[in-house]
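TrEMBL has this to say about the protein:
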ACT_SITE  Glu27  active site, proton donor
ACT_SITE  Lys161  active site, nucleophile
BINDING   Lys88, Val108, Ser142, Ala143, Asp144  substrate binding site
BINDING   Asp140  Mn(2+) binding site
Amino acid sequence: MSDTAAPQMSGEVREALEQRRPVVALESTIIAHGLPRPRNLRVAEELEEVVRTEGAVPATIAVLDGRAHIGLDKAQLDRVANDDSVRKLGHRDLAPALATGASGATTVSATAFLAARAGLRVFATGGLGGVHREWTETQDESADLGLLARTRITVVCAGVKSILDVPATLQRLETLGVGVLGYGTGNFPGFYLSSSGEPVDWTVRTPDEVAAVMRAQDALAGPEAALIVANPVPEAEQLDPALHDRVLAEALEECGRRGITGQGVTPFLLDHLARETEGASLEANLAAVRGNVRLAARIAGAWVRA
Ligand code: PSU
Ligand code: MN
């Protein structure tokens with residue numbers, strides 16, 4: 001068990017880390033369970049390409065046949081995108097997945113955990129998980145939040161998915177001591193929307209400023225919490241806010257009617273929105289993720305130079 005429990009790092013990622021070149025961790029749940037086939041594989045490849053164009057090395061993270069991988073080759077990426085047996089793994093699922101030989105895509109919590117332990121410091125995703133709107137009945141709060149409260153990694157995201165209770169999620173992040181920086185904005189982004197309408201306390205404008213905050217975090221040597229860089233989707237590429245609100249209300253109702261709970265909630269809502277907006281939510285989602293991946297690569301560059 002002891003050696004198979006060790007993650008398999010790709011040669012390219014290992015070399016980049018050794019030479020202190022920029023590396024960006026990418027999650028795989030968005031590929032396996034957040035985007036429709038066959039687009040998902042093209043997006044996975046495109047995101048890796050965006051990282052490379054910015055001069056950094058991509059490290060997509062997933063578990064295959066009971067082994068965690070930091071950096072996937074083409075065939076492995078294809079499996080994550082197209083293999084029906086690929087499960088959704090939060091960080092608590094990693095041990096059973098490794099022990100049983102299972103395969104799974106990693107959520108933000110599992111990706112951040114594996115990335116930080118492998119020495120990666122910058123991670124890009126679409127939107128974080130958070131507190132669901134039905135929290136008082138279901139207590140559904142993504143494991144992303146608790147894990148980020150104890151993991152030193154910088155996560156670039158377009159806020160939290162708007163299917164969530166955004167103010168409650170921001171409150172939880174405050175309680176948990178997770179720092180939030182608005183990137184070029186005083187508002188917390190709204191995932192498909194450029195703004196959630198909620199304010200952020202801190203605004204930064206350059207990758208170097210983010211790297212300076214990361215350095216200060218380390219120098220303070222406080223609790224091992226993450227840093228969230230909240231990067232809005234450009235207004236020209238956001239989902240029409242009125243359409244967003246209408247379709248989301250329907251999706252939440254449908255989710256409740258069908259009694260969908262637990263890990264199934266997020267994929268159901270994302271899929272429902274994509275269908276009901278005729279793909280417009282998908283385009284906004286992809287625009288957000290692309291922007292986050294590009295910014296993460298630039299932050300990773302600033303970090304290794306710092
Ligand atoms: N952002 C996206 N699409 C996704 C997710 C985030 O644009 O599919 C995934 C992330 O992996 C996140 C997970 O960690 O959804 C949260 O799921 P849950 O609410 O079940 O914790
Ligand atoms: Mn959940």
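Backbone N, Cα and C define each Cβ position, glycine as well.
Bear in mind that TrEMBL entries carry predicted annotations, made automatically and left uncurated.
Fair warning: this is a prediction, and the values are worked out from it, not measured in the lab.
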Q: Look at the binding-site residues Val108, Ala143 and tell me which residue has the greatest number of other C-beta atoms within 10 angstroms of its C-beta.
A: Val108
Q: For the recorded positions Glu27, Asp140, work out the Cβ neighbour count at 10 Å and name the residue with the minimum.
A: Asp140
Q) If H, G and I count as helix, E and B as strand, and all else as coil, what does DSSP give for Val108 (substrate binding site)? A) helix
Q: Scan Lys88, Val108, Asp140 for binding-site residues whose C-beta lands under 6 Å from an atom of ligand 1 and note them, or write none.
A: Val108
Q. Listed recorded positions are Glu27, Val108, Asp140, Ser142, Ala143, Asp144; which sit with C-beta under 6 angstroms of ligand 2?
A. Asp140, Ser142
(Q) Taking 10 A as the limit, how many CB atoms besides its own sit near the CB of Lys88 (substrate binding site)? (A) 20
(Q) Give me the sequence-ordered set of same-chain residues, not including Lys88, Val108, Ser142, Ala143, Asp144, with a C-beta within 8 angstroms of the centroid of the substrate site's C-beta atoms. (A) Thr29, Gly90, His91, Thr107, Ser109, Ala110, Leu128, Gly129, Leu147
Q. To the nearest whole angstrom, what is the C-alpha distance linking Asp140 (Mn(2+) binding site) and Glu27 (active site, proton donor)?
A. 21
Q: Indicate whether the residue listed as 'active site, nucleophile' is helix, strand or coil by DSSP.
A: coil
